[in-house]
Amino acid sequence: QDLPGTDNSTATLCLGHHAVPNGTIVKTITDDQIEVTNATELVQSSSTGKICNNPHKILDGIDCTLIDALLGDPHCDVFQDETWDLFVERSNAFSNCYPYDVPDYASLRSLVASSGTLEFITEGFTWTGVTQNGGSNACKRGPANGFFSRLNWLTKSGSTYPVLNVTMPNNDNSDKLYIWGVHHPSTNQEQTNLYVQASGRVTVSTKRSQQTMIPNAGSRPWVRGLSSRISIYWTIVKPGDILVINSNGNLIAPRGYFKMRTGKSSIMRSDAPIGTCSSECITPNGSIPNDKPFQNVNKITYGACPKYVKQNTLKLATGMRNVPEKQTRGLFGAIAGFIENGWEGMIDGWYGFRHQNSEGTGQAADLKSTQAAIDLINGKVNRVIEKTNEKFHQIEKEFSEVEGRIQDLEKYVEDTKIDLWSYNADVLVALENQHTIDLTDSEMNKLFEKTRRQLRENAEDMGNGCFKIYHKCDNACIESIRNGTYDHDIYRDEALNNRFQIKGVELKSGYKDWILWISFAISCFLLCVVLLGFIMWACQRGNIRCNICI
């Protein structure tokens, strides 16, 4: 189908942008649902299902907790002197030694996890007048009774348990972590059988701190055949400080110290398998890519991870506003420029031209405006990632039962942070999408105005994104318009002449239409006058009688 008003002496040039049959809905500041040609998902909503062992060093706890590995539970001896970036605790981990409790379990666990090492240095403590290396059938090491390898259970020697007073200075340049404990017998009889005194006492001091613990004899729930317990405590000795241990019974003594390191190591509870792969970000669900700025896989993360948000999806527009082409038009059909809809047939650029002239029809992309839009949009995802990625990890928070109110407050703070970031993410993406759509619309308008300035009075803006060119414009002429080398002065006289001729025809055609309408109106008027005159004449002659009743 030819373009209206197109013959060999004129041409039609339309400007437009590409479109797709099915676009993607995104959100902007002004519109919750606007269709664009292309968009990128910004929320990572799934994991790989496994924890990648690269680039972070992962230590699989298997069936040991970190504290059991620290104390030296016999079934955790494989972890002696190990190091890690992330220690993974499993849900099936269990203790298999003397029953114990750690009054400040969460703090000790976090402290050791962040240190990233179980490197242990044995020291020569001198324990005079007592029996060392106590063991229990609840803590088998092979067929023999055993105990925690990093602790030394001291009991009476013969019938005496003297007062112990031992010192150990820290002459190193790093902090030392000492683990020690207090034994709580199940009965008073057990107390005197092991330590002679009816009540023991343990005091551990440094220049900065002092801890004094009194054992509590009494029966407790049976665990691995025992109703007695050990309470585990810890002390950090700074460089130049000194450790002092004083006791008259019930002491579970240290055998040495753990080296303390500073770093960003951590611990995570997860049952995801460890696989051979590479990922910077780890969650309890498994590793996730960090090529997106947001994720809703898990709140707990380790490494350089996307920010956790509540949304399942946030789409960033990376294409222009999509206005699908009306399929009934054909290539040109009834003229269609960018004002009406996009062009689905244009695949080699975002913006372009369609023309019809004496040589036929054609289409070409405008690469300059296309590249300008692409350059401005490229890097949007990376810029959003830079604004939102956490270069640190979100650790698990643990609190004892007596710290329930602190735990509630911590949960409230974390939930508030998530709500805030979810809102920020929504606004950030909406702003970026608005900017993208405005930007791509602007490039289309720039191209249209550039073409208008070239053609000047040689063409007429048809109001729909097309120009009617009033001179013969072959393919070379069309190409000059596209590449900006068109000289309107060359065609000015021809265009002016053709414009008057075409407008004159349109004017005569317009007068004819007016005459027809006026003739029709006069004929109707005369018919009404004749009919009215006949009725009045008939009434006067008596042929028609008209009665009016009130």
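Yeah, the Cβs are placed from backbone N, Cα and C, and that goes for glycine too.
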## Note on the structure
Correct disulfide partner for Cys52 among Cys277, Cys281, Cys305, by Swiss-Prot, is Cys277
### Task
Name the cysteine that pairs with Cys97 in a disulphide bond per Swiss-Prot, restricting the answer to Cys14, Cys64, Cys139.
Cys139
### Task
Quick one: among the recorded positions Cys64, Cys539, which has the most Cβ atoms sitting within 10 Å of its own Cβ?
Cys64
### Task
Calculate the distance in Å between the alpha carbons (Cα) of Cys139 (disulfide bond) and Asn285 (N-linked glycosylation site), and round it to a whole number.
34
### Query
Which of the recorded positions Cys76, Asn165, Cys477 has its Cα closest in space to the Cα of Cys305 (disulfide bond)?
Cys76
### Message
Return the count of C-beta atoms lying within 10 angstroms of the C-beta of Cys477 (disulfide bond), excluding that atom itself.
### Response
20
#### Entry: Coarse DSSP state, helix versus strand versus coil, of Cys139 (disulfide bond)
strand
### Message
Roughly how many Å lie between the Cα atoms of Cys52 (disulfide bond) and Cys281 (disulfide bond), rounded to a whole value?
### Response
9
### Task
Would you kindly give the Cα-Cα distance separating Cys64 (disulfide bond) and Asn483 (N-linked glycosylation site), rounded to the nearest Å?
72
